Every structure is written in C-alpha cells, then in structure tokens.
Amino acid sequence: MTKALEGVRILDFTHVQSGPTCTQLLAWFGADVIKVERPGVGDITRGQLQDIPNVDSLYFTMLNHNKRSITLDTKNPKGKEVLTELIKKCDVLVENFGPGVLDRMGFPWEKIQAINPKMIVASIKGFGPGPYEDCKVYENVAQCTGGAASTTGFRDGLPLVTGAQIGDSGTGLHLALGIVTALYQRTHTGKGQRVTAAMQDGVLNLCRVKLRDQQRLERGPLKEYSQFGEGVPFGDAVPRAGNDSGGGQPGRILKCKGWETDPNAYIYFITQAPVWEKICDVIGEPTWKTDPNYAKPAARLPRLNEIFGRIEQWTMTKTKFEAMDILNEFDIPCGPILSMKEIAEDESLRKTGTLVEVDHPTRGKYLSVGNPIKLSDSPAEVTRSPLLGEHTDEILRQVLGFSDHQVAEIHDSGALDPPRKEAAE
C-alpha cells in the first residue's frame with residue numbers, strides 16, 4: 001500500500017527533540033528522511049540519559065524512528081559537495097539549529113534556492129523576529145515565555161512547567177503541518193519556500209484559552225475559577241488556577257479510594273451542565289436538582305469548592321476505575337489519573353498502535369509511542385531508529401548515484417569521518 005508521503009525526501013538536520021519530532025512524523029507517513037549527523041558523534045541525544053552503556057539512548061531511539069542516517073562533515077570541502085548534491089535530490093530541508101548556523105555552514109536560503117528552487121527549508125527557532133530572536137531556547141524556556149508556566153500551578157505556589165513537551169514536540173508538530181502545507185502549495189506554484197515555527201509561538205498557540213481569559217479578565221472576574229467562589233480578588237493577569245477546568249464546564253481532580261498510599265488514585269470529574277441532575281443522584285444530593293443555589297450553572301459557580309468537596313466524599317469511596325465505570329453509565333465526563341506504568345501496560349493502546357514494541361539491534365526490544373494520527377489508506381509502520389551513519393554508503397549510491405570509485409574518494413577525503421586532530425609538535 002502506498003504511503004501518504006511516499007516520494008517525498010527530507011534532508012534532516014535536526015537534533016534533540018523539537019525537530020526530530022517533526023521529521024519522525026513525516027517519516028511515519030512515508031517520507032524518506034535522511035538524518036545528517038556529525039561523524040563520530042551524531043545527534044547529542046544518542047548519548048544522553050543512557051540506561052544501557054554504549055547503546056543509543058531511548059531519548060534518541062524514540063524520536064528517530066523510520067529514518068536513515070548519514071554522517072557528514074559539512075566543513076570538509078568534499079562534505080560540502082555531498083551536501084550540495086543532497087539538496088538537489090531532496091524536497092525539504094529541516095533544521096533546528098541556533099540562529100544563523102545554516103548561514104555559517106555556507107548554505108543560506110539564497111544559496112539553497114539557487115541549488116534547488118523547489119526546496120522547502122523548514123526551521124524551528126526559539127523566538128520569532130524581535131528582542132529575543134537570538135536567544136537559545138529549550139523546552140521549559142519555551143513554556144515559560146509562551147504563557148504556559150505563568151498559568152500552570154496553584155495560586156499560592158510557583159509557576160510550574162507541564163510534563164507534556166509542548167515546547168519541543170508541540171512546535172515540531174506545528175512545523176510538520178507547515179511542511180505538508182508548503183508541499184501542497186508547491187504542487188500549484190512549482191516553487192519552494194521557507195517555513196518557520198517559533199517555540200514561543202507554538203506554546204502560545206496551545207495556551208490560547210488563557211489568552212482568551214486575559215481579555216475576559218478586563219471585563220470582570222473569571223467566575224469559573226475557584227478563587228471567585230473563595231472571594232479572592234483577581235489581579236490584572238490570568239492567575240494560576242490549580243486543576244480548575246479551562247473550559248466552560250467546571251472540573252477538578254478528586255481523591256479516590258487508596259489516595260493515601262497511591263499517588264495516582266485520583267479522577268478528573270467535570271460537572272457538565274446537561275448531566276447535573278444525574279450527578280446529584282449519583283452522589284446522593286437529589287435536592288440540589290431543584291435548590292436555587294445549585295440548580296443552575298451560574299448559581300453553582302460561587303459554590304464550586306463546596307460542590308467538589310461533596311463529590312469527592314463520594315469518589316473517595318470508590319477506586320478511580322470503579323468511579324469511572326459508574327459515571328460513564330450516566331454519561332458524566334470523567335477520567336482516571338493514569339500513571340505511565342498503567343499506560344505502558346494497557347493492551348488496548350498496543351492494539352491501536354498508540355504504543356508499539358520496537359526491536360533494536362543493540363538495545364533489544366523497547367516500548368515507544370506510535371503515530372498518534374491514523375490514516376485509513378496509509379497505516380504507519382514504526383521501524384527502529386538508525387545506528388550512527390548506518391546508511392551512509394547506501395545514500396551515496398542509491399540517492400546520489402555515486403559510483404564505487406566516487407564513494408571511495410569521499411571516504412578518503414575524510415568527509416565521512418570525525419575531523420582528525422593534528423599531532424602536537
């Protein structure tokens with residue numbers, strides 16, 4: 001079966017997480033992703049957070065499935081020639097270098113366009129044009145500058161970063177959409193273009209409900225926030241609101257049976273208006289269905305702490321799964337707090353391909369996420385990440401069409417090996 005992006009070739013200069021997230025997704029959809037790595041070193045994550053000595057880390061393997069690896073010293077004259085030929089043969093170049101690195105390599109946008117006018121150059125940077133555009137950015141910096149940290153946590157505590165990698169992986173997913181869009185536009189124009197995604201922009205895009213609340217705050221208190229019911233005045237910026245729901249339906253994380261010893265014995269419970277009467281029956285408060293202090297959503301807002309306190313009395317008598325089973329019968333929205341251990345052991349996620357077991361030649365079998373996007377006519381098969389430089393000769397011969405003699409010349413030039421250190425005199 002033909003893959004959705006079969007025939008698209010990606011020149012992958014990305015490293016760590018944001019860029020590899022993007023190119024891995026494209027590879028899952030069938031693109032031929034050629035990962036260009038430094039000879040002898042490769043992507044820095046190969047050696048970070050290693051759980052098995054001298055073996056590619058899970059950090060690397062789980063972000064680089066379905067790719068091919070070529071090692072190339074782009075400072076070497078022969079290496080530059082090889083890179084030029086790769087640019088001619090590829091559709092997209094993806095990079096997440098620091099600002100200006102591609103230019104210093106000798107391949108600015110203008111030169112790439114001269115080599116291949118159809119080339120799409122896609123870049124991830126920390127910030128867009130402005131006062132911070134030259135600053136180095138990592139995941140948590142992006143969360144802090146994009147509005148996530150200031151609105152995450154509890155009102156009386158520090159700003160918090162989230163466990164979800166919304167800065168790195170989130171921006172990588174945004175860039176992947178930009179690349180596919182540019183490829184589609186190229187079918188009409190015949191021309192390449194630049195695609196950029198800033199990590200600050202990506203985080204802010206995912207925090208849009210907080211930007212919504214910032215504007216609402218100018219017109220009055222945010223009544224669905226628990227501090228409204230507590231009589232605590234609002235300041236001039238959106239506050240941290242703990243586990244209050246960010247939507248129009250109030251929600252909280254509540255204790256379940258066993259919470260004293262199990263750090264994940266909790267459930268998220270949403271008091272959705274259409275099922276309010278069912279909620280009242282389940283928790284044993286039938287009079288709340290008609291009591292004017294509780295019957296209508298607006299009347300409940302100042303009393304959310306009391307209401308969720310009463311609901312929690314009920315959830316604490318049930319395990320999170322027992323509570324979920326009961327609530328689902330009444331169409332009451334809820335969800336158990338699942339630990340990573342529980343998720344990893346969930347067989348249903350393996351059946352859907354959300355989790356996949358991958359066999360690696362040096363580290364053996366490991367568990368990874370699969371493609372979260374399912375296409376009916378282009379099912380994704382997850383294959384292992386490449387060893388460093390594993391496909392170098394294959395790419396030189398198959399993609400660039402070099403002869404054995406030419407490949408030998410490139411090897412002899414040192415373009416595929418770590419730079420030699422000059423001996424001390």
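Heads up, the Cβ atoms here are built off N, Cα and C, so glycines get one too.
In sequence order, Phe13, Ser123 are the residues near Phe97 (CoA binding site), counting only same-chain partners six or more apart with C-beta under 8 A. The CoA binding site feature in Swiss-Prot is assigned to 17-18, Arg38, 72-75, 96-98, Arg104, 136-139.
The active site, nucleophile feature in Swiss-Prot is assigned to Asp168; the stated evidence is sequence analysis. Following the DSSP three-state reduction, the secondary structure of Asp168 (active site, nucleophile) is helix.
What Swiss-Prot records for Gly247, Gly248, Gln249 is substrate binding site. Following the DSSP three-state reduction, the secondary structure of Gly247 (substrate binding site) is coil.
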Counting Cβ atoms within 10 Å of each candidate's own Cβ, which of the binding-site residues Arg38, Lys75, Arg104 comes out highest? Arg38
Under 8 Å between C-beta atoms and at least six apart in sequence, can you list the same-chain neighbours of Gln17 (CoA binding site), or say none if there are none? Thr45, Leu63, Glu139, Gln165, Asp168, Ser169, Gly172
I'd like the number of other C-beta atoms within 10 A of the C-beta of Gly248 (substrate binding site), please. 9
Just to confirm: which same-chain residues, 6+ apart in sequence, have a Cβ under 8 Å from the Cβ of Gly247 (substrate binding site)? Val209
Looking only at Asp73, Glu139, Asp168, which of these recorded positions has the biggest number of Cβ atoms within 10 Å around its Cβ? Asp168
How would DSSP class Glu139 (CoA binding site) in three states? helix
